[in-house]
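Asker: Right, I'll just put the structure down here and ask away after.
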Amino acid sequence: MEGGIHPGTDASAFRDCISLAWRNPYVLRLAFSAGIGGLLFGYDTGVISGALLYIRDDFKSVDKKTVLQESIVSMAVAGAIIGAAIGGWMNDRFGRRTSILVADFLFFIGAVVMASAPNPALLIVGRIFVGLGVGMASMTSPLYISEASPAKVRGALVSTNGFLITGGQFLSYLINLAFTKAPGTWRWMLGVAGIPALLQFGLMLALPESPRWLYRKGREEEAKTILRKIYPAEEVETEIQDLKESVESEIKEEGSAEKINFIKLWKTKTVRRGLLAGVGLQVFQQFVGINTVMYYSPTIVQLAGFASNQTALLLSLVTAGLNAFGSIVSIYFIDRTGRKKLLVISLTGVIVSLGVLSAVFHETTSHSPQVSRLETAKFPAYTCPDYQAAGNAAWDCMKCLKASSPDCGFCASATDKLFPGACLISNSTVKDICHGEHRLWYTRGCPSRYGWLALIGLALYIIFFSPGMGTVPWIVNSEIYPLRFRGVCGGIAATANWVSNLIVAQSFLSLTEAIGTSWTFLIFGLVSVVALFFVLVCVPETKGLPIEEVEKMLEQRALQVRFWKKGSDHLQKNSQV
(Lines of atoms letter the chains of each structure in order from A and count residues from 1; the text may use other names and numbers.)
(Lines give C-alpha, C1' and ligand atoms only; values in the text may rest on other atoms or scores of the structure.)
Protein backbone atom coordinates (compact mmCIF):
# COMPACT_ATOMS: atom_id res chain seq x y z
CA MET A 1 0.00 0.00 0.00
CA GLU A 2 1.55 3.26 -1.10
CA GLY A 3 0.19 6.70 -0.48
CA GLY A 4 -3.08 5.19 0.73
CA ILE A 5 -5.78 7.65 1.66
CA HIS A 6 -8.37 7.06 4.33
CA PRO A 7 -11.91 8.04 3.43
CA GLY A 8 -12.47 11.70 4.04
CA THR A 9 -8.83 12.57 4.53
CA ASP A 10 -8.66 14.81 1.47
CA ALA A 11 -11.73 16.86 2.17
CA SER A 12 -12.06 16.96 5.91
CA ALA A 13 -8.68 16.60 7.65
CA PHE A 14 -8.39 20.26 8.51
CA ARG A 15 -12.04 20.43 9.56
CA ASP A 16 -11.55 17.34 11.71
CA CYS A 17 -8.51 18.92 13.32
CA ILE A 18 -10.50 22.02 14.25
CA SER A 19 -13.46 20.01 15.57
CA LEU A 20 -11.03 17.91 17.58
CA ALA A 21 -10.70 20.86 19.94
CA TRP A 22 -14.33 20.31 20.91
CA ARG A 23 -14.59 16.52 20.64
CA ASN A 24 -11.28 15.56 22.24
CA PRO A 25 -9.30 18.46 23.75
CA TYR A 26 -6.94 15.92 25.35
CA VAL A 27 -5.21 15.31 22.01
CA LEU A 28 -4.73 19.02 21.41
CA ARG A 29 -3.38 19.38 24.93
CA LEU A 30 -0.73 16.76 24.14
CA ALA A 31 0.12 18.40 20.81
CA PHE A 32 0.44 21.97 22.05
CA SER A 33 2.26 21.07 25.26
CA ALA A 34 4.88 19.14 23.29
CA GLY A 35 4.85 21.85 20.63
CA ILE A 36 6.24 24.40 23.09
CA GLY A 37 9.54 22.65 22.33
CA GLY A 38 9.06 23.92 18.79
CA LEU A 39 8.38 27.42 20.14
CA LEU A 40 11.70 27.30 22.03
CA PHE A 41 13.42 25.88 18.96
CA GLY A 42 12.14 28.79 16.88
CA TYR A 43 12.80 31.48 19.47
CA ASP A 44 16.37 30.49 20.22
CA THR A 45 17.31 30.14 16.55
CA GLY A 46 15.58 33.40 15.56
CA VAL A 47 16.47 35.71 18.45
CA ILE A 48 20.19 35.76 17.69
CA SER A 49 19.64 37.59 14.38
CA GLY A 50 18.53 40.76 16.16
CA ALA A 51 20.59 40.30 19.31
CA LEU A 52 23.76 40.06 17.21
CA LEU A 53 23.35 43.67 16.08
CA TYR A 54 23.64 44.82 19.71
CA ILE A 55 26.20 42.23 20.80
CA ARG A 56 28.45 43.76 18.13
CA ASP A 57 27.96 47.18 19.73
CA ASP A 58 28.80 45.91 23.24
CA PHE A 59 31.74 43.68 22.30
CA LYS A 60 34.05 45.38 19.82
CA SER A 61 35.93 42.12 19.25
CA VAL A 62 32.71 40.63 17.88
CA ASP A 63 32.11 43.64 15.63
CA LYS A 64 35.57 43.37 14.11
CA LYS A 65 35.62 39.60 13.53
CA THR A 66 33.17 37.94 11.15
CA VAL A 67 34.31 34.53 12.41
CA LEU A 68 33.31 35.44 15.97
CA GLN A 69 29.88 36.58 14.78
CA GLU A 70 29.41 33.31 12.91
CA SER A 71 30.56 31.37 15.99
CA ILE A 72 27.98 33.03 18.25
CA VAL A 73 25.28 32.09 15.75
CA SER A 74 26.52 28.65 14.84
CA MET A 75 27.63 27.28 18.21
CA ALA A 76 23.96 26.80 19.04
CA VAL A 77 23.78 24.72 15.87
CA ALA A 78 26.87 22.74 16.93
CA GLY A 79 25.13 22.04 20.24
CA ALA A 80 22.01 21.02 18.34
CA ILE A 81 23.99 18.40 16.40
CA ILE A 82 25.05 16.77 19.68
CA GLY A 83 21.57 17.23 21.16
CA ALA A 84 19.88 15.58 18.18
CA ALA A 85 22.31 12.63 18.25
CA ILE A 86 21.88 12.11 22.00
CA GLY A 87 18.16 12.74 21.68
CA GLY A 88 17.68 9.84 19.26
CA TRP A 89 19.25 7.41 21.73
CA MET A 90 17.48 8.98 24.73
CA ASN A 91 14.09 8.78 22.97
CA ASP A 92 14.39 5.04 22.52
CA ARG A 93 15.94 4.39 25.92
CA PHE A 94 14.06 6.71 28.29
CA GLY A 95 11.06 7.86 26.28
CA ARG A 96 9.81 10.93 24.44
CA ARG A 97 8.46 12.75 27.53
CA THR A 98 11.72 12.43 29.48
CA SER A 99 13.68 13.75 26.50
CA ILE A 100 11.48 16.84 26.31
CA LEU A 101 11.96 17.49 30.05
CA VAL A 102 15.75 17.27 29.67
CA ALA A 103 15.58 19.66 26.68
CA ASP A 104 13.64 22.18 28.80
CA PHE A 105 16.31 22.05 31.50
CA LEU A 106 19.02 22.75 28.92
CA PHE A 107 17.01 25.64 27.42
CA PHE A 108 16.68 27.25 30.85
CA ILE A 109 20.35 26.89 31.79
CA GLY A 110 21.43 28.27 28.41
CA ALA A 111 19.11 31.30 28.70
CA VAL A 112 20.48 32.20 32.14
CA VAL A 113 24.13 31.84 31.04
CA MET A 114 23.61 33.97 27.92
CA ALA A 115 21.73 36.73 29.74
CA SER A 116 24.53 37.09 32.30
CA ALA A 117 27.52 36.56 29.96
CA PRO A 118 30.32 39.10 30.69
CA ASN A 119 32.26 38.22 27.52
CA PRO A 120 31.82 36.54 24.11
CA ALA A 121 33.32 33.25 25.36
CA LEU A 122 30.63 32.71 28.02
CA LEU A 123 27.97 33.84 25.56
CA ILE A 124 29.10 31.06 23.23
CA VAL A 125 28.92 28.55 26.13
CA GLY A 126 25.31 29.58 26.76
CA ARG A 127 24.55 29.19 23.06
CA ILE A 128 25.91 25.63 23.18
CA PHE A 129 23.58 24.74 26.09
CA VAL A 130 20.62 26.19 24.20
CA GLY A 131 21.71 24.27 21.11
CA LEU A 132 21.67 20.97 23.01
CA GLY A 133 18.05 21.68 23.97
CA VAL A 134 17.14 22.75 20.44
CA GLY A 135 18.61 19.55 18.97
CA MET A 136 16.67 17.32 21.36
CA ALA A 137 13.41 19.25 20.97
CA SER A 138 13.67 19.45 17.18
CA MET A 139 13.25 15.71 16.75
CA THR A 140 11.40 14.77 19.96
CA SER A 141 8.45 17.19 19.85
CA PRO A 142 7.16 16.15 16.38
CA LEU A 143 7.79 12.48 17.25
CA TYR A 144 5.76 12.72 20.45
CA ILE A 145 2.92 14.54 18.67
CA SER A 146 2.95 12.05 15.78
CA GLU A 147 2.70 9.03 18.08
CA ALA A 148 -0.12 10.61 20.09
CA SER A 149 -2.26 11.67 17.09
CA PRO A 150 -5.05 9.92 15.14
CA ALA A 151 -3.92 9.14 11.57
CA LYS A 152 -6.48 11.41 9.85
CA VAL A 153 -5.20 14.56 11.56
CA ARG A 154 -1.62 13.50 12.30
CA GLY A 155 -0.12 15.76 9.63
CA ALA A 156 -2.10 18.79 10.79
CA LEU A 157 -1.19 18.23 14.44
CA VAL A 158 2.50 17.72 13.70
CA SER A 159 2.27 20.90 11.62
CA THR A 160 1.30 22.74 14.81
CA ASN A 161 4.86 22.06 15.93
CA GLY A 162 6.08 23.73 12.74
CA PHE A 163 3.71 26.64 13.38
CA LEU A 164 5.09 27.03 16.90
CA ILE A 165 8.67 26.98 15.52
CA THR A 166 7.86 29.83 13.14
CA GLY A 167 5.73 31.47 15.83
CA GLY A 168 8.76 31.33 18.11
CA GLN A 169 10.86 32.99 15.45
CA PHE A 170 8.22 35.70 15.01
CA LEU A 171 8.06 36.17 18.79
CA SER A 172 11.84 36.52 18.90
CA TYR A 173 11.67 39.42 16.42
CA LEU A 174 8.93 41.10 18.47
CA ILE A 175 11.01 40.69 21.64
CA ASN A 176 14.06 42.03 19.82
CA LEU A 177 12.10 45.09 18.72
CA ALA A 178 10.63 45.59 22.21
CA PHE A 179 14.04 45.64 23.90
CA THR A 180 15.93 47.84 21.42
CA LYS A 181 15.70 50.79 23.82
CA ALA A 182 16.00 48.82 27.09
CA PRO A 183 19.22 48.75 29.13
CA GLY A 184 21.00 45.49 28.38
CA THR A 185 19.12 45.03 25.05
CA TRP A 186 20.49 41.67 23.89
CA ARG A 187 20.63 40.23 27.45
CA TRP A 188 16.86 40.56 27.73
CA MET A 189 16.40 39.21 24.21
CA LEU A 190 18.35 36.02 25.01
CA GLY A 191 17.21 35.59 28.61
CA VAL A 192 13.45 35.64 27.95
CA ALA A 193 13.73 32.11 26.47
CA GLY A 194 13.91 30.70 30.00
CA ILE A 195 10.20 31.45 30.60
CA PRO A 196 8.59 29.07 28.04
CA ALA A 197 11.14 26.40 29.03
CA LEU A 198 9.83 26.49 32.61
CA LEU A 199 6.22 26.50 31.32
CA GLN A 200 6.71 23.40 29.19
CA PHE A 201 8.57 21.60 31.96
CA GLY A 202 5.55 22.04 34.22
CA LEU A 203 3.06 20.98 31.53
CA MET A 204 5.00 17.87 30.50
CA LEU A 205 5.21 16.64 34.11
CA ALA A 206 1.42 16.29 34.00
CA LEU A 207 1.31 14.47 30.62
CA PRO A 208 1.86 10.77 29.83
CA GLU A 209 4.56 9.07 27.84
CA SER A 210 4.02 8.21 24.15
CA PRO A 211 1.62 5.22 23.98
CA ARG A 212 3.61 3.57 21.20
CA TRP A 213 6.85 3.79 23.19
CA LEU A 214 5.09 2.36 26.25
CA TYR A 215 3.71 -0.55 24.23
CA ARG A 216 7.13 -1.26 22.76
CA LYS A 217 8.57 -1.36 26.31
CA GLY A 218 5.99 -3.91 27.49
CA ARG A 219 3.84 -1.43 29.43
CA GLU A 220 0.77 -2.43 27.48
CA GLU A 221 -1.97 -1.43 29.91
CA GLU A 222 -0.57 2.09 30.25
CA ALA A 223 -0.42 2.37 26.47
CA LYS A 224 -4.00 1.14 26.04
CA THR A 225 -5.29 3.62 28.62
CA ILE A 226 -3.71 6.52 26.73
CA LEU A 227 -4.88 5.25 23.32
CA ARG A 228 -8.46 5.13 24.62
CA LYS A 229 -8.17 8.81 25.45
CA ILE A 230 -6.81 9.63 21.99
CA TYR A 231 -9.00 7.58 19.64
CA PRO A 232 -12.79 7.43 19.27
CA ALA A 233 -14.32 4.33 20.88
CA GLU A 234 -15.04 2.70 17.50
CA GLU A 235 -11.40 3.01 16.38
CA VAL A 236 -9.38 2.35 19.50
CA GLU A 237 -9.49 -1.47 19.44
CA THR A 238 -8.37 -1.56 15.81
CA GLU A 239 -5.49 0.78 16.66
CA ILE A 240 -4.45 -1.34 19.64
CA GLN A 241 -4.54 -4.49 17.52
CA ASP A 242 -2.47 -2.89 14.73
CA LEU A 243 0.08 -1.72 17.26
CA LYS A 244 0.22 -5.15 18.89
CA GLU A 245 0.81 -6.89 15.56
CA SER A 246 3.48 -4.36 14.59
CA VAL A 247 5.43 -4.79 17.84
CA GLU A 248 5.12 -8.60 17.83
CA SER A 249 6.35 -8.71 14.24
CA GLU A 250 9.31 -6.48 15.05
CA ILE A 251 10.37 -8.55 18.05
CA LYS A 252 9.97 -11.81 16.16
CA GLU A 253 11.86 -10.72 13.05
CA GLU A 254 14.44 -8.28 14.35
CA GLY A 255 14.88 -8.77 18.09
CA SER A 256 14.70 -6.08 20.72
CA ALA A 257 15.35 -2.40 20.09
CA GLU A 258 18.39 -2.53 22.34
CA LYS A 259 20.21 -4.58 19.65
CA ILE A 260 19.96 -1.83 17.03
CA ASN A 261 23.15 -0.99 15.17
CA PHE A 262 23.88 1.01 12.05
CA ILE A 263 24.61 -2.06 9.93
CA LYS A 264 21.18 -3.46 10.78
CA LEU A 265 19.62 -0.09 9.97
CA TRP A 266 21.16 -0.01 6.50
CA LYS A 267 20.41 -3.66 5.74
CA THR A 268 16.74 -3.23 6.58
CA LYS A 269 15.05 -2.20 3.33
CA THR A 270 12.25 -0.16 4.88
CA VAL A 271 14.68 1.74 7.11
CA ARG A 272 17.14 2.35 4.29
CA ARG A 273 14.42 3.79 2.08
CA GLY A 274 13.05 5.83 4.96
CA LEU A 275 16.47 7.23 5.86
CA LEU A 276 17.20 8.14 2.24
CA ALA A 277 14.02 10.21 2.07
CA GLY A 278 14.12 11.55 5.63
CA VAL A 279 17.79 12.49 5.84
CA GLY A 280 17.75 13.90 2.31
CA LEU A 281 14.83 16.19 3.12
CA GLN A 282 16.52 17.46 6.27
CA VAL A 283 19.77 18.21 4.46
CA PHE A 284 18.05 20.01 1.59
CA GLN A 285 15.89 21.99 4.03
CA GLN A 286 19.07 23.72 5.19
CA PHE A 287 21.01 23.84 1.93
CA VAL A 288 18.28 25.82 0.15
CA GLY A 289 19.28 28.64 2.51
CA ILE A 290 16.43 29.11 4.99
CA ASN A 291 18.56 29.81 8.02
CA THR A 292 20.59 32.46 6.25
CA VAL A 293 17.25 34.27 6.09
CA MET A 294 16.24 33.55 9.70
CA TYR A 295 19.65 34.02 11.35
CA TYR A 296 20.86 36.91 9.23
CA SER A 297 17.70 38.58 7.93
CA PRO A 298 18.45 41.94 9.64
CA THR A 299 21.96 41.78 8.16
CA ILE A 300 20.51 40.92 4.73
CA VAL A 301 18.11 43.86 5.03
CA GLN A 302 21.09 46.11 5.77
CA LEU A 303 22.99 44.61 2.85
CA ALA A 304 19.98 45.63 0.75
CA GLY A 305 20.58 49.25 1.75
CA PHE A 306 18.57 49.85 4.94
CA ALA A 307 21.04 51.30 7.44
CA SER A 308 19.20 51.51 10.80
CA ASN A 309 19.24 48.58 13.26
CA GLN A 310 15.64 49.32 14.22
CA THR A 311 14.55 49.50 10.58
CA ALA A 312 16.32 46.22 9.84
CA LEU A 313 14.59 44.52 12.79
CA LEU A 314 11.18 45.94 11.86
CA LEU A 315 11.45 44.80 8.25
CA SER A 316 12.76 41.39 9.35
CA LEU A 317 9.68 41.10 11.57
CA VAL A 318 7.62 41.02 8.39
CA THR A 319 9.54 38.01 7.05
CA ALA A 320 9.14 36.23 10.40
CA GLY A 321 5.40 36.93 10.36
CA LEU A 322 5.12 35.49 6.85
CA ASN A 323 7.01 32.41 8.04
CA ALA A 324 4.46 31.88 10.82
CA PHE A 325 1.59 32.45 8.38
CA GLY A 326 3.08 29.84 6.04
CA SER A 327 2.97 27.29 8.86
CA ILE A 328 -0.76 27.94 9.28
CA VAL A 329 -1.17 27.33 5.55
CA SER A 330 0.69 24.03 6.02
CA ILE A 331 -1.72 22.94 8.79
CA TYR A 332 -4.62 23.48 6.39
CA PHE A 333 -3.13 21.78 3.33
CA ILE A 334 -0.87 19.03 4.69
CA ASP A 335 -3.63 16.39 5.00
CA ARG A 336 -5.63 17.71 2.03
CA THR A 337 -2.90 18.13 -0.57
CA GLY A 338 -0.30 15.70 0.69
CA ARG A 339 3.31 15.96 1.73
CA LYS A 340 4.93 15.51 -1.65
CA LYS A 341 2.83 17.97 -3.61
CA LEU A 342 3.47 20.66 -0.99
CA LEU A 343 7.21 20.02 -1.28
CA VAL A 344 7.16 20.40 -5.06
CA ILE A 345 5.15 23.64 -4.97
CA SER A 346 7.39 24.95 -2.19
CA LEU A 347 10.67 24.24 -3.97
CA THR A 348 9.43 25.69 -7.25
CA GLY A 349 8.65 28.97 -5.51
CA VAL A 350 11.94 28.91 -3.62
CA ILE A 351 13.89 28.56 -6.88
CA VAL A 352 12.11 31.56 -8.40
CA SER A 353 12.57 33.64 -5.22
CA LEU A 354 16.30 32.91 -4.99
CA GLY A 355 16.66 33.90 -8.63
CA VAL A 356 15.03 37.24 -7.83
CA LEU A 357 17.29 37.78 -4.78
CA SER A 358 20.40 36.94 -6.78
CA ALA A 359 19.46 39.42 -9.51
CA VAL A 360 18.57 42.17 -7.02
CA PHE A 361 21.80 41.88 -5.06
CA HIS A 362 23.80 41.85 -8.28
CA GLU A 363 22.21 45.16 -9.26
CA THR A 364 22.64 46.56 -5.73
CA THR A 365 26.34 45.70 -5.69
CA SER A 366 27.14 46.87 -9.21
CA HIS A 367 25.28 50.20 -8.91
CA SER A 368 26.26 51.43 -5.45
CA PRO A 369 26.79 55.20 -4.97
CA GLN A 370 30.19 56.68 -5.76
CA VAL A 371 32.58 58.04 -3.14
CA SER A 372 33.06 61.81 -3.58
CA ARG A 373 36.35 63.50 -2.65
CA LEU A 374 34.41 66.69 -2.05
CA GLU A 375 32.03 64.98 0.38
CA THR A 376 34.84 63.09 2.09
CA ALA A 377 36.83 66.30 2.49
CA LYS A 378 34.08 67.61 4.78
CA PHE A 379 35.38 65.12 7.38
CA PRO A 380 39.19 65.59 7.07
CA ALA A 381 40.03 64.01 10.43
CA TYR A 382 38.11 60.82 9.67
CA THR A 383 38.88 60.03 6.02
CA CYS A 384 39.32 56.30 5.36
CA PRO A 385 43.11 55.67 5.09
CA ASP A 386 42.75 53.17 2.23
CA TYR A 387 40.69 55.65 0.23
CA GLN A 388 43.21 58.39 0.91
CA ALA A 389 46.05 56.13 -0.19
CA ALA A 390 44.25 55.26 -3.43
CA GLY A 391 44.86 58.75 -4.78
CA ASN A 392 42.59 59.58 -7.69
CA ALA A 393 41.26 56.04 -8.14
CA ALA A 394 37.48 55.86 -8.46
CA TRP A 395 35.77 54.26 -5.46
CA ASP A 396 32.17 53.36 -4.85
CA CYS A 397 30.36 52.53 -1.61
CA MET A 398 30.98 48.77 -1.87
CA LYS A 399 34.73 49.26 -2.26
CA CYS A 400 34.71 51.59 0.75
CA LEU A 401 32.99 48.98 2.94
CA LYS A 402 35.58 46.36 1.95
CA ALA A 403 38.44 48.49 3.28
CA SER A 404 39.96 46.77 6.30
CA SER A 405 42.91 48.76 7.64
CA PRO A 406 40.96 50.02 9.54
CA ASP A 407 37.32 49.23 8.73
CA CYS A 408 35.54 52.01 6.86
CA GLY A 409 31.93 53.08 6.41
CA PHE A 410 29.90 55.13 3.93
CA CYS A 411 28.29 58.40 5.03
CA ALA A 412 25.55 59.05 2.48
CA SER A 413 24.89 62.41 0.88
CA ALA A 414 22.67 64.74 2.90
CA THR A 415 20.75 65.54 -0.31
CA ASP A 416 19.96 62.03 -1.51
CA LYS A 417 21.35 58.73 -0.22
CA LEU A 418 21.97 57.60 -3.82
CA PHE A 419 24.21 60.60 -4.56
CA PRO A 420 28.01 60.37 -4.02
CA GLY A 421 28.95 60.28 -0.33
CA ALA A 422 31.94 60.12 1.99
CA CYS A 423 34.22 57.16 2.81
CA LEU A 424 35.21 57.45 6.47
CA ILE A 425 36.74 55.43 9.31
CA SER A 426 34.10 53.22 10.92
CA ASN A 427 33.62 53.88 14.63
CA SER A 428 30.89 55.17 16.93
CA THR A 429 32.24 58.75 16.91
CA VAL A 430 32.14 59.02 13.11
CA LYS A 431 28.71 57.36 13.07
CA ASP A 432 27.36 60.02 15.44
CA ILE A 433 28.95 62.83 13.41
CA CYS A 434 27.40 61.47 10.20
CA HIS A 435 23.98 61.18 11.83
CA GLY A 436 24.42 64.67 13.29
CA GLU A 437 24.42 66.07 9.74
CA HIS A 438 21.17 64.20 8.99
CA ARG A 439 22.95 61.63 6.84
CA LEU A 440 22.63 57.85 6.82
CA TRP A 441 25.58 55.72 7.97
CA TYR A 442 26.28 52.42 6.18
CA THR A 443 28.72 49.70 7.25
CA ARG A 444 27.05 46.43 6.12
CA GLY A 445 25.37 47.39 2.87
CA CYS A 446 25.08 50.35 0.52
CA PRO A 447 22.19 52.67 -0.38
CA SER A 448 20.20 51.24 -3.24
CA ARG A 449 17.11 51.96 -5.28
CA TYR A 450 16.54 48.20 -5.45
CA GLY A 451 16.32 47.55 -1.70
CA TRP A 452 12.53 47.14 -1.75
CA LEU A 453 12.90 44.41 -4.39
CA ALA A 454 15.19 42.50 -2.01
CA LEU A 455 12.44 42.65 0.62
CA ILE A 456 9.92 41.30 -1.90
CA GLY A 457 12.34 38.51 -2.79
CA LEU A 458 12.79 37.60 0.89
CA ALA A 459 9.02 37.68 1.43
CA LEU A 460 8.38 35.40 -1.58
CA TYR A 461 11.07 33.03 -0.38
CA ILE A 462 9.42 32.70 3.05
CA ILE A 463 5.89 32.42 1.61
CA PHE A 464 6.92 29.46 -0.54
CA PHE A 465 9.39 27.82 1.84
CA SER A 466 7.37 27.76 5.05
CA PRO A 467 4.30 25.62 4.11
CA GLY A 468 6.40 22.98 2.33
CA MET A 469 10.11 22.67 3.01
CA GLY A 470 9.66 24.40 6.36
CA THR A 471 7.34 21.81 7.92
CA VAL A 472 7.08 18.70 5.73
CA PRO A 473 10.60 17.29 6.43
CA TRP A 474 9.79 17.11 10.16
CA ILE A 475 6.39 15.54 9.48
CA VAL A 476 7.82 12.91 7.12
CA ASN A 477 10.55 12.03 9.62
CA SER A 478 8.01 11.60 12.41
CA GLU A 479 6.02 9.00 10.46
CA ILE A 480 8.29 7.21 7.98
CA TYR A 481 10.36 4.90 10.22
CA PRO A 482 9.39 1.54 11.80
CA LEU A 483 8.57 1.84 15.51
CA ARG A 484 11.65 -0.04 16.74
CA PHE A 485 13.92 2.37 14.81
CA ARG A 486 11.90 5.56 15.15
CA GLY A 487 13.94 7.26 17.85
CA VAL A 488 17.37 6.47 16.47
CA CYS A 489 16.40 7.21 12.84
CA GLY A 490 14.74 10.46 13.87
CA GLY A 491 17.96 11.33 15.69
CA ILE A 492 20.06 10.56 12.61
CA ALA A 493 17.84 12.75 10.42
CA ALA A 494 17.78 15.60 12.96
CA THR A 495 21.57 15.36 13.32
CA ALA A 496 21.92 15.59 9.53
CA ASN A 497 19.68 18.66 9.62
CA TRP A 498 21.81 20.41 12.23
CA VAL A 499 25.12 19.47 10.61
CA SER A 500 23.81 21.03 7.39
CA ASN A 501 22.53 23.99 9.38
CA LEU A 502 25.97 24.48 10.93
CA ILE A 503 27.69 24.41 7.54
CA VAL A 504 25.33 27.06 6.16
CA ALA A 505 25.33 29.27 9.28
CA GLN A 506 29.11 29.16 9.71
CA SER A 507 29.84 29.91 6.07
CA PHE A 508 27.18 32.41 4.96
CA LEU A 509 28.85 35.71 5.96
CA SER A 510 32.27 34.49 4.85
CA LEU A 511 30.78 33.33 1.55
CA THR A 512 29.10 36.68 0.93
CA GLU A 513 32.41 38.44 1.64
CA ALA A 514 34.31 36.08 -0.69
CA ILE A 515 31.97 35.84 -3.70
CA GLY A 516 29.23 38.37 -2.96
CA THR A 517 25.62 38.09 -1.83
CA SER A 518 24.32 37.64 -5.37
CA TRP A 519 26.43 34.55 -6.12
CA THR A 520 25.65 33.11 -2.68
CA PHE A 521 21.92 33.22 -3.35
CA LEU A 522 22.49 31.82 -6.83
CA ILE A 523 24.25 28.79 -5.28
CA PHE A 524 21.27 28.25 -2.98
CA GLY A 525 19.01 28.41 -6.04
CA LEU A 526 20.97 25.69 -7.84
CA VAL A 527 20.83 23.49 -4.74
CA SER A 528 17.04 24.01 -4.71
CA VAL A 529 16.81 22.64 -8.25
CA VAL A 530 18.65 19.49 -7.13
CA ALA A 531 16.31 19.26 -4.13
CA LEU A 532 13.27 19.37 -6.42
CA PHE A 533 14.49 16.38 -8.42
CA PHE A 534 15.29 14.55 -5.17
CA VAL A 535 11.73 15.02 -3.92
CA LEU A 536 10.25 13.83 -7.21
CA VAL A 537 12.29 10.62 -7.18
CA CYS A 538 13.00 9.67 -3.57
CA VAL A 539 10.25 10.95 -1.27
CA PRO A 540 7.10 8.81 -0.76
CA GLU A 541 3.63 10.10 0.03
CA THR A 542 2.54 9.24 3.59
CA LYS A 543 -0.71 11.22 3.64
CA GLY A 544 -3.47 9.43 5.55
CA LEU A 545 -1.48 6.29 6.35
CA PRO A 546 -1.59 4.99 9.93
CA ILE A 547 1.96 4.89 11.27
CA GLU A 548 2.01 1.08 11.30
CA GLU A 549 1.09 1.01 7.57
CA VAL A 550 3.90 3.33 6.50
CA GLU A 551 6.34 0.47 7.08
CA LYS A 552 4.24 -1.84 4.87
CA MET A 553 4.20 0.78 2.15
CA LEU A 554 8.00 1.08 2.15
CA GLU A 555 8.41 -2.70 2.28
CA GLN A 556 6.01 -3.58 -0.54
CA ARG A 557 6.68 -0.80 -3.01
CA ALA A 558 9.54 1.34 -4.17
CA LEU A 559 9.44 5.10 -3.85
CA GLN A 560 7.17 7.15 -6.12
CA VAL A 561 7.82 9.39 -9.05
CA ARG A 562 4.24 10.32 -10.01
CA PHE A 563 2.12 11.86 -7.32
CA TRP A 564 -0.21 14.44 -8.81
CA LYS A 565 -3.15 12.26 -9.83
CA LYS A 566 -5.57 10.77 -7.34
CA GLY A 567 -6.85 7.25 -7.03
CA SER A 568 -5.27 4.27 -8.75
CA ASP A 569 -3.38 6.48 -11.18
CA HIS A 570 -1.58 7.89 -8.15
CA LEU A 571 0.13 4.56 -7.54
CA GLN A 572 0.98 3.38 -11.05
CA LYS A 573 4.52 4.56 -11.60
CA ASN A 574 7.34 3.97 -9.16
CA SER A 575 11.12 3.99 -9.21
CA GLN A 576 13.37 1.46 -7.51
CA VAL A 577 15.80 2.57 -4.77
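In case you wondered, yes, glycine gets a Cβ from its N, Cα and C as well.
So TrEMBL says this about it:
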TRANSMEM  30-55  transmembrane segment
DOMAIN    30-543  domain 'Major facilitator superfamily (MFS) profile'
TRANSMEM  67-89  transmembrane segment
TRANSMEM  101-118  transmembrane segment
TRANSMEM  124-145  transmembrane segment
TRANSMEM  157-179  transmembrane segment
TRANSMEM  185-207  transmembrane segment
TRANSMEM  274-297  transmembrane segment
TRANSMEM  312-335  transmembrane segment
TRANSMEM  342-361  transmembrane segment
TRANSMEM  450-476  transmembrane segment
TRANSMEM  488-509  transmembrane segment
TRANSMEM  521-539  transmembrane segment
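Structural setting of the listed features?
Answerer: Each residue in the domain 'Major facilitator superfamily (MFS) profile' (30-543) has a pLDDT score, and their mean in this model is 82.
With a cut-off of 8 Å between Cβ atoms, the residues of this chain six or more beyond the transmembrane segment (67-89) that come close are 44-45, 48, 52, 55-56, 61, 99, 103, 106, 120, 123-124, 127-136, 138-140, 295-296, 487-492, 494-495, 497-499, 501-502, 505-510.
Residues of the same chain lying 6 or more positions beyond the ends of the transmembrane segment (101-118) and with a Cβ under 8 Å from any Cβ of it are 37, 40, 44, 83, 87, 90, 125-134, 136-137, 140, 187-188, 190-194, 196-198, 200-201, 204-205.
Nonlocal intrachain contacts for the transmembrane segment (124-145), taken as residues 6+ away from its ends with a CB within less than 8 angstroms of a stretch CB, comprise 30-31, 34-35, 37-38, 40-41, 44-45, 48, 71-72, 75-88, 90-91, 96-97, 99-100, 102-107, 109-115, 117, 157-158, 160-162, 190, 193, 197, 210, 474-475, 477-478, 486-487, 490-491, 493-495, 497-498.
Same-chain residues lying 6+ beyond the ends of the transmembrane segment (157-179) with a Cβ under 8 Å from its Cβ atoms: 17, 27-28, 31-32, 34-47, 49-51, 141-142, 145-146, 149, 185-186, 188-189, 192, 294, 310, 313-314, 316-317, 320-321, 323-324, 326-328, 330-331, 334, 466, 470-471, 474-475, 478-479.
When Cβ-Cβ distances below 8 Å are used as the criterion, the transmembrane segment (185-207) is approached by residues 29-30, 33-34, 36-37, 39-40, 43-44, 47-48, 50-52, 54-55, 58, 97, 100-101, 104-105, 107-108, 110-112, 114-117, 126, 130, 133, 172, 175-176, 179 of the same chain, each at least six residues removed from its ends.
Among residues of the same chain six or more beyond the transmembrane segment (342-361), those with a C-beta under 8 A of the stretch's C-beta atoms are 281, 288-289, 303-304, 330, 333-334, 450, 453-454, 456-458, 460-461, 463-465, 467-470, 472, 516-519, 521-522, 524-525, 528-529, 531-532, 535-536, 539, 563.
Counting only same-chain residues 6+ beyond the ends of the transmembrane segment (488-509), those with a CB under 8 A from a CB of the stretch are 66, 69-71, 73-74, 77-78, 80-81, 83-89, 91-92, 135, 138-140, 143, 260, 265, 271, 274-275, 278-279, 281-283, 285-287, 289, 291-292, 295-296, 299, 473, 477-478, 481, 520.
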Asker: Same-chain Cβ contacts of the transmembrane segment (450-476) under 8 Å, 6 or more residues past its ends?
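Answerer: Result: 138, 142, 146, 155, 158-159, 161-163, 166, 277-278, 281-282, 284-285, 288-290, 293, 297, 300-301, 303-306, 315, 318-319, 322-327, 329-330, 333-334, 339, 342-350, 352-354, 356-357, 360-361, 363-364, 367, 497, 531, 539, 542.
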